[in-house]
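Undergrad: Before I ask anything, let me first share the structure, which is written out below as structure tokens.
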Amino acid sequence: MAEGPEDARSHPAGQDGGGGDAPVTRGGSAAPARTAGDSGRQAGREYVIPSLAHRFMAEMVDFFILFFIKATIVLSIMHLSGIKDISKFAMHYIIEEIDEDTSMEDLQKMMVVALIYRLLVCLYEIICIWGAGGATPGKFLLGLRVVTCDTSVLIAPSRVLVIPSSNVTITTSTIRALIKNFSIASFFPAFITLLFFQHNRTAYDIVAGTIVVKRNGVR
């Protein structure tokens with residue numbers, strides 16, 4: 001039975017009586033429905049930025065751990081080298097003291113020790129930041145961790161929204177560790193650069209795209 005004028009008005013073009021179909025485009029295909037995820041916004045998380053004192057104490061804990069490792073390496077090398085009076089030379093190598101009595105052979109050994117130590121420090125930080133929840137032992141004891149940071153927005157004093165705030169990848173951890181440790185080896189104190197960047201980020205944090213935060217996020 002043909003529809004009358006009243007029936008035609010009750011069914012606009014492109015819809016049936018149910019009115020639930022997607023609108024039809026000019027070519028006849030249904031237009032894709034928009035979802036809440038269409039905006040493409042990245043999820044972030046709020047964190048508390050640790051104080052400089054907490055950052056410094058975490059670095060000191062790591063320093064003493066690594067100093068113990070360095071002393072162990074030096075003593076092992078000396079033992080394998082057949083040096084009988086280890087105590088006479090141990091501190092000389094551990095603190096890398098150079099004076100007028102330092103021979104070329106001693107200097108070469110000190111350079112080898114320094115290189116091995118620096119590589120171990122890099123490995124220590126890479127593994128801890130990547131594989132141990134974003135924290136070295138020092139950071140863990142002080143309740144800190146490292147997360148990725150493309151954008152950081154100040155929400156309140158010492159509180160920032162960090163985007164994307166994900167776990168650090170091994171590539172990012174490697175970049176961060178190499179820049180940090182070889183800048184120290186070249187006598188550039190990269191750690192003090194946190195005084196010049198927002199949210200206590202250092203130069204190696206900026207380059208690697210990371211930020212140090214309190215371990216438990218605000219939300």
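Cβ atoms here come from the backbone N, Cα and C positions, even for glycine.
Marked as compositional bias 'Basic and acidic residues' by TrEMBL: 1-10. Taken from TrEMBL, the feature domain 'RDD' applies to 50-209. According to TrEMBL, the feature region 'Disordered' maps to 1-39. The transmembrane segment feature in TrEMBL is assigned to 63-83, 112-132, 177-197.
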Undergrad: Grab the same-chain neighbours of the transmembrane segment (112-132) for me: Cβ-Cβ under 8 Å, and only residues 6 or more beyond its ends, written as numbers and ranges.
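TA: For the transmembrane segment (112-132), the nonlocal Cβ contacts are 62, 66, 69-70, 73-74, 77, 93, 96, 139-140, 146, 168-170, 172-174, 176-178, 180-182, 185.
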Undergrad: Taking only the residues in the domain 'RDD' (50-209), give me the average pLDDT of this model.
TA: 82
